[in-house]
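Going by TrEMBL, these are the annotated features:
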type	residues	note
TRANSMEM	35-57	transmembrane segment
TRANSMEM	69-88	transmembrane segment
TRANSMEM	129-148	transmembrane segment
TRANSMEM	155-177	transmembrane segment
TRANSMEM	189-208	transmembrane segment
TRANSMEM	220-239	transmembrane segment
TRANSMEM	251-272	transmembrane segment
TRANSMEM	284-304	transmembrane segment
TRANSMEM	310-329	transmembrane segment
REGION	338-380	region 'Disordered'
Amino acid sequence: MEGHEEERLCGKWRVACGLYSYNLRDVFTWRLLKTIVMGQILSLLICGTAVSCQYLAEYKVETPMLQSFLSYTLLLLVYTTILSTRKGDRNILQILKNKWWKYLVMGLADVEANYAVVKAYQFTTLTSIQLLDCFVIPVLMVLSWFFLKTRYKLVHFVAVVVCLLGVGAMVGADILAGRSEGSRETSDVVLGDGLVLLSAVLYAVSNVCQEHTVKNLSRIEFLGMMGLFGTLISGIQLAVLETRAVAAIEWKFHICMLFAMYVLCMYALYSFMPVVVRMTSATAVNLSLLTADLFSLFCGLFLFHYTFSTLYIISFVVITLGFVMFNAVPTYSALPESGSSDGDPAEASADPTAESSSDHLLSADRETQRTETLTAVAAL
């Protein structure tokens with residue numbers, strides 16, 4: 001009797017934690033591998049934007065709002081134009097009539113998040129930015145819990161901690177290499193740290209809006225509205241803040257190429273990220289993006305003569321391990337998930353594989369619970 005009771009309690013603990021004796025084939029599926037690869041592609045795109053910004057800064061070109069404006073304008077020309085050609089409830093006029101203020105808030109959060117984190121580099125250290133930028137993950141989990149009704153298990157929190165340990169190893173390598181040093185005043189550092197935390201909160205708001213839109217409405221609607229309101233908001237801010245800085249730019253060929261590199265990387269990032277978010281979640285995507293700083297550092301070894309550290313490799317492995325742990329056990333939403341109203345090929349291509357890892361694991365959840373129920377009945 002005691003043995004049955006002990007087994008039943010252990011089973012309940014495993015259900016709460018999300019820790020099961022899964023078959024490795026149920027965990028390490030093609031879908032999980034594809035998610036990992038797609039997440040690292042996003043990190044490489046962010047790395048491309050970071051490298052182009054670094055070169056622009058070396059040429060004394062510091063116009064973050066201009067760069068954002070050009071990126072949003074490209075989204076406007078492509079995705080907002082597609083929305084304009086649609087008819088019925090999916091037309092841009094109907095969307096603006098019913099939900100304009102929601103997309104205005106989303107666009108404002110995204111634009112200001114990009115601006116705040118770029119400005120933070122002028123006031124605080126690289127180490128502070130790398131550490132504080134991770135604040136986006138707990139904020140995302142809290143917002144997802146309340147607004148998207150996402151429910152997590154213990155293994156998900158452990159996975160987040162593992163990823164943050166990987167970030168710690170990366171920051172440790174920066175400190176040993178001396179890249180965290182600086183002669184900034186304390187007041188400037190506090191301002192810079194505050195900007196990083198503000199950008200993390202705003203990114204979390206934008207990402208939660210993105211996850212809700214791409215999973216319940218459509219990727220094209222999200223990108224079209226982001227292009228429209230992002231262009232409007234960044235254009236106004238550009239005219240107010242950076243008119244002189246833009247006029248001072250010497251438009252040489254290499255400067256134009258760096259702007260083009262930044263804009264194309266941002267366009268690809270915005271276009272591709274909703275596909276990955278739809279397959280996983282905004283939290284999982286942000287965990288995978290923790291490796292973006294590592295890719296930037298790897299590029300810096302060759303382009304900016306950074307010092308190599310074994311901690312970079314350790315950091316990459318640990319972050320990847322945490323990402324795999326987070327995606328190996330599925331979360332679930334207390335809200336019913338409606339399908340996309342869009343004929344988007346990228347979304348459609350993601351749907352056939354939707355039964356892969358998550359469905360296997362959810363089936364295992366249900367089977368475990370049934371087994372425990374039968375065990376308890378037999379014990380009685």
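Along the chain as shown, the residues are counted starting at 1.
Placed from the backbone N, Cα and C atoms, the Cβ positions cover glycine too.
Automatic prediction, not curation, is the source of TrEMBL annotations.
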- prompt: Quick one: do the transmembrane segment (310-329) and the transmembrane segment (251-272) reach 3+ CB pairs under 8 Å, ignoring pairs fewer than 6 apart in sequence?
  reply: no
Cβ contacts under 8 Å made by the transmembrane segment (284-304) with residues that lie 6+ beyond its boundaries: 35-36, 39-40, 42-44, 46-47, 50-51, 54, 130, 134, 136-137, 140, 159-160, 163, 166-167, 170, 173-174, 203, 207, 273, 276-277, 312, 315-316, 319-320, 322-323, 326-327
Distant-in-sequence neighbours of the transmembrane segment (35-57), which means Cβ under 8 A and at least six residues beyond its ends: 63, 67, 118, 255, 258-259, 261-262, 265-266, 268-269, 272-273, 275-276, 279-280, 284-285, 287-289, 291-292, 294-296, 299-300, 303-304, 320, 323-324, 327
- prompt: So are the transmembrane segment (189-208) and the transmembrane segment (251-272) touching or not, going by 3+ C-beta pairs under 8 A with a sequence gap of 6 or more?
  reply: no
Field: Tertiary contacts of the transmembrane segment (251-272), as residues 6+ beyond its ends and Cβ separation under 8 Å
entry: 38, 41-42, 45-46, 48-49, 51-53, 55-56, 59, 61, 67, 70-71, 74-75, 78, 223, 226
